[in-house]
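K.L.:
Feature table excerpt (TrEMBL):
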- 1-514: domain 'Major facilitator superfamily (MFS) profile' (DOMAIN)
- 20-43: transmembrane segment (TRANSMEM)
- 128-148: transmembrane segment (TRANSMEM)
- 160-179: transmembrane segment (TRANSMEM)
- 185-205: transmembrane segment (TRANSMEM)
- 217-239: transmembrane segment (TRANSMEM)
- 245-264: transmembrane segment (TRANSMEM)
- 304-326: region 'Disordered' (REGION)
- 310-320: compositional bias 'Basic and acidic residues' (COMPBIAS)
- 344-361: transmembrane segment (TRANSMEM)
- 373-394: transmembrane segment (TRANSMEM)
- 401-420: transmembrane segment (TRANSMEM)
- 426-449: transmembrane segment (TRANSMEM)
- 461-484: transmembrane segment (TRANSMEM)
- 490-509: transmembrane segment (TRANSMEM)
- 546-566: region 'Disordered' (REGION)
- 555-566: compositional bias 'Polar residues' (COMPBIAS)
């Protein structure tokens, strides 16, 4: 509370904080570039075998030549016959139905000039390699969130942020000049790791520099900048048609942020946590001077001392409780009690589905038909109304209602695309984008809802485990889109079914809006448990919480609403 009290004397969210916050938000844009670039870098255009007599032919062939050269609905092999002029003219019949595997391919360049798929022929028996590359990128995101998160807590936010930016630029360029598939995939994995280093660390810096009343809004607006980067990725793809230059073009803007080293200060909260009060006060005085506020070093020191003393007392109280009650609880305790286990599994399912469907839809724009770039832009644009919806409703309506409603709406919208005739592109895309809007809103809700379901003693590790589950489904999303090669609507059918099921199952969770914060494992086990009269214990009257403390929109947990989502 000392730091929160102190920053109110510095102009709260004054001109200095607004400038730094805006600069920090801009770093979300290149993160979106790299996370969504795979849609274009690994784009798979229509293709067919290059016939023996072809040399630099265009993709289009007359219908009669297609019938003479390829088995029906087959483009990975061609008839093993002598392609003489008489045969191609239809003068002589086909002598055999034997086929031959492709050695060369011809790609349709009407939508994409080229891609990593066309350069390394990641089609037919090698098409799983494109999905594997995207999956390993998401593995990098998972590893980066673990490694860079711990490093930023140990060495500071600022050095890790810039180390991540440097590594991101180096490996981003390497991915653009990679001579073969494995170098490209490794470089993309490293870029994926740095997206966590850049985004999560920058997000924490943004959250730590504002007061409690601004954290929900600060967190949401950071994500809006991510959506802007989402849309700008399509702009780059519109002007840069070669996939290697596109990768480099999306990477080079990261060089601009190198100048931040002389602008962005170290987090004062982190400095205080490491006992470097003098450095923290110096940074705070810089903000005060910029905001034209006068406050002495002694006054700041007194405010910070008050907070430090309060934190020490709370820490000592927690240590005393741990000594009295034995070893501290762990995430495994959530699975030792039936009610807690049921709620934990339901929450993990919500994270799994929300993350998988979000990335499945974001990377599935190539399979929707129509204008691919326009579909991509719309997919990013619909995220902004989703975030505005959360700002207006998250602290007014029940968490369970919003989460359930968004997941069910996403499920129904995506299932509707399966029954819409393929010729009705506009209606199909509208339903898919409505599903994207709904799943984005559910992403913002599930974090808060989860934080309020878990007891304080195990909340952080439980949310970390939930985020790990979300990353697993993110790694599976590329293979989900790979199923479109079997049946085009299959990815949307699976996404819709999972969303609908998760939304309905969310009704089994107790409502947490305006309920007391759960403190102990025992509180978590009792909360939402049915009595003999089938009445949920949601009133909080029997919970051992000191008073009603709902998670406000300004709360620390709400501030991190969507940080782990992307």
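Using N, Cα and C of the backbone, Cβ positions are placed for all residues, glycine too.
No curator has checked TrEMBL annotations; they are predicted automatically.
Please situate the listed features within the shown structure.
P.N.:
If one looks beyond the transmembrane segment (160-179) by at least 6 residues along the same chain, the residues whose Cβ comes under 8 Å of a Cβ in the stretch are 27, 30, 34, 144, 148, 151-152, 187-188, 190-191, 193-198, 201-202, 205, 244-248, 250-252, 254-255, 257-258, 260-261, 264.
Counting same-chain residues at least six beyond the ends of the transmembrane segment (185-205), those with a Cβ under 8 angstroms from any Cβ of the stretch are 24, 27-28, 30-31, 34-35, 38, 132-133, 136-145, 147-149, 152, 157-158, 160-161, 163-165, 167-168, 171-172, 174-175, 178, 219, 222, 226, 264, 267, 560, 563-564, 566.
Within its own chain, the transmembrane segment (245-264) is flanked in space by residues 20, 23-24, 26-27, 29-30, 33-34, 37, 40-41, 158, 161-162, 165-166, 168-169, 172-173, 175-177, 205, 233, 236-237, which lie at least six positions past its ends and keep a Cβ under 8 Å from the stretch.
Same-chain residues lying 6 or more positions outside the transmembrane segment (401-420) and placing a CB less than 8 Å from one of its CB atoms are 350, 353-354, 357, 361, 390, 393-394, 427-428, 431-432, 434-436, 438-439, 441-442, 445-446, 449, 489, 492-493, 495-504, 506-507, 511.
With a cut-off of 8 Å between Cβ atoms, the residues of this chain six or more beyond the transmembrane segment (490-509) that come close are 342-343, 346-347, 349-350, 353-354, 356-357, 360-361, 364, 367, 400, 403-418, 432, 435, 438-439, 442, 449, 453, 480-481, 483-484, 528.
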K.L.:
Over the domain 'Major facilitator superfamily (MFS) profile' (1-514), what does the predicted model average in pLDDT?
P.N.:
85
K.L.:
So are the transmembrane segment (373-394) and the transmembrane segment (461-484) touching or not, going by 3+ C-beta pairs under 8 A with a sequence gap of 6 or more?
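P.N.:
Since fewer than 3 Cβ pairs under 8 Å link them, the transmembrane segment (373-394) and the transmembrane segment (461-484) do not come into contact.
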K.L.:
Verify whether three or more Cβ pairs under 8 angstroms connect the transmembrane segment (344-361) with the transmembrane segment (20-43), leaving out any pair fewer than 6 apart in sequence.
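P.N.:
They are not in contact.
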K.L.:
Same chain, outside the transmembrane segment (426-449) by at least 6, Cβ under 8 Å from its Cβ: which residues?
P.N.:
220, 223, 347, 350-351, 354-355, 357-358, 361-362, 364, 368-370, 375, 378-379, 382-383, 385-387, 389-390, 394, 399-400, 402-403, 406-407, 409-411, 413-414, 416-417, 420, 463, 492, 495-496, 499, 503, 509, 512, 551, 557-558, 560-565
K.L.:
Given a Cβ distance threshold of under 8 angstroms, which distant residues of the chain, six or more beyond its ends, lie next to the transmembrane segment (344-361)?
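P.N.:
The answer is 138, 334-335, 379, 403, 407, 410, 414, 432, 435-436, 439-440, 442-443, 446, 449-450, 453-454, 462, 465-467, 469-474, 476-477, 480-481, 491, 494-495, 498-499, 501-502, 505-506, 508-509, 565.
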K.L.:
Could you give the residue numbers and ranges of same-chain residues that sit at least 6 residues beyond the transmembrane segment (461-484) on either side and whose C-beta is under 8 angstroms from one of its C-beta atoms?
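P.N.:
Answer is 38, 127-128, 130-135, 138-139, 141-142, 145, 330-331, 334, 344, 347-348, 351-356, 359-360, 363-364, 367, 447, 450-451, 454, 490-491, 494-495, 564-565.
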